[in-house]
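K.L.:
The structure under discussion is supplied below as structure tokens; questions concerning it will follow.
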Amino acid sequence: MSGNTTLLLSNPTNVLDNSSVLNVSVSPPVLKWETPTFTTAARFRVAATLVLFVFAAASNLSVLLSVTRGRGRRLASHLRPLIASLASADLVMTFVVMPLDAVWNVTVQWYAGDAMCKLMCFLKLFAMHSAAFILVVVSLDRHHAILHPLDTLDAGRRNRRMLLTAWILSLLLASPQLFIFRAIKAKGVDFVQCATHGSFQQHWQETAYNMFHFVTLYVFPLLVMSLCYTRILVEINRQMHRSKDKAGEPCLRRSGTDMIPKARMKTLKMTIIIVASFVICWTPYYLLGIWYWFQPQMLHVIPDYVHHVFFVFGNLNTCCDPVIYGFFTPSFRADLSRCFCWRNQNASAKSLPHFSGHRREVSGEAESDLGSGDQPSGQ
């Protein structure tokens, strides 16, 4: 393998050792030096990463602009910070993790010096934590909206506090990277790598550090999100059975479930799919890393392209979020349509009446946008 595969397989390049798993490499240096190369599998990884970078940057910036300046402002006031933070976390992943990974795979070794080694590894772990924790906040918000629909007055303040906590925790949990990573020159050869070699005196320290970040990055978010949506589904099922029992009585229903507004159900479906995409995209990568952790010899057995494909598949998650948001949000699609039609609008005065009619039509659609129908109840 070449490059640094971020987090779970951080330096699996035969640079200092061949058994580094997660963020560390504390084993003795290998006796026979094998110069890392920019392999065909790594070339595919770099090309795929650059494609994902372009799409993720454009789509997440579009979501952020829509929520802050466009029709996305029609979202309920407490939902806007959630969507904006999710897009921001994806942008941090896009502008930190993807370029770093691509360049590092091309150069194979580290050329940016010790300070940049520490900073980039810190930002990399911060980006991955923030992306996971923001999804936890979104799940907690939907959990509260469905199970406590009348408790809406503090929704915005509660979400802001949770988002602030998520960002601060991400910074704190990533801060050890500033101390354990450094630029190391391999003995006897002209080769420098950014690694954690020698930062841990005992193997159990390495294991504890690895396990801790595996739990905070994957296990804890997965457990919280699973618990939230399990309770939500149980509550929806309970309300559906209650509505069936009252089928003979006159009642007002705004969606397929009793007393749950259609806009709230639409937001719930969107967040479930966003969380599912996170789990689907990143699970293979994390499981492979844990497998290497307990069976490091498999690093020599499994083909290089498997690691590269799994990491690229994990990065695909940053592209999925804006696509899912756009599918469920007419206002975002309207903003994109307005952006693409802007040049045509200025090119021909005859197109103005038609364009204005189109905008009125989209505006009517946006009235049923997710969150807009939620605003009277605050959810």
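Positions of Cβ are set from backbone N, Cα and C atoms, glycine also.
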K.L.:
Going by what Swiss-Prot says, which of Asn23, Asn346 is noted as N-linked glycosylation site?
P.N.:
Asn23
K.L.:
Do Lys262 and Thr329 come out on the same side of the membrane in Swiss-Prot's annotation?
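P.N.:
Taking the topological domain names from Swiss-Prot at face value, Lys262 sits on the side where Thr329 is.
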K.L.:
From Asn60, Asn105, pick the one Swiss-Prot annotates as N-linked glycosylation site?
P.N.:
Asn105
K.L.:
In Swiss-Prot, Cys194 is listed as disulfide-bonded to which of the following: Cys117, Cys121, Cys251?
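P.N.:
Record-based pairing for Cys194: Cys117.
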K.L.:
With Cβ distances under 8 Å as the criterion, find the stretch in 46-65, 81-100, 168-184, 309-328 that has the most pairs with the transmembrane segment (284-302).
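P.N.:
Out of the listed stretches, 309-328 contacts the transmembrane segment (284-302) most.
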K.L.:
Counting every protein chain present, what is the number of Cβ atoms, excluding its own, within 10 Å of the Cβ of Cys117 (disulfide bond)?
P.N.:
21
K.L.:
So are the transmembrane segment (46-65) and the transmembrane segment (119-140) touching or not, going by 3+ C-beta pairs under 8 A with a sequence gap of 6 or more?
P.N.:
no
K.L.:
Within 10 angstroms of the C-beta of Cys194 (disulfide bond), what count of other C-beta atoms is obtained when all protein chains are considered?
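P.N.:
Around the Cβ of Cys194 (disulfide bond), 25 other Cβ atoms lie within 10 Å.
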K.L.:
Quick one: find which recorded stretch in 81-100, 119-140, 211-230 has the most Cβ pairs under 8 Å with the transmembrane segment (168-184).
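P.N.:
Answer is 119-140, with the largest number of Cβ pairs below 8 Å.
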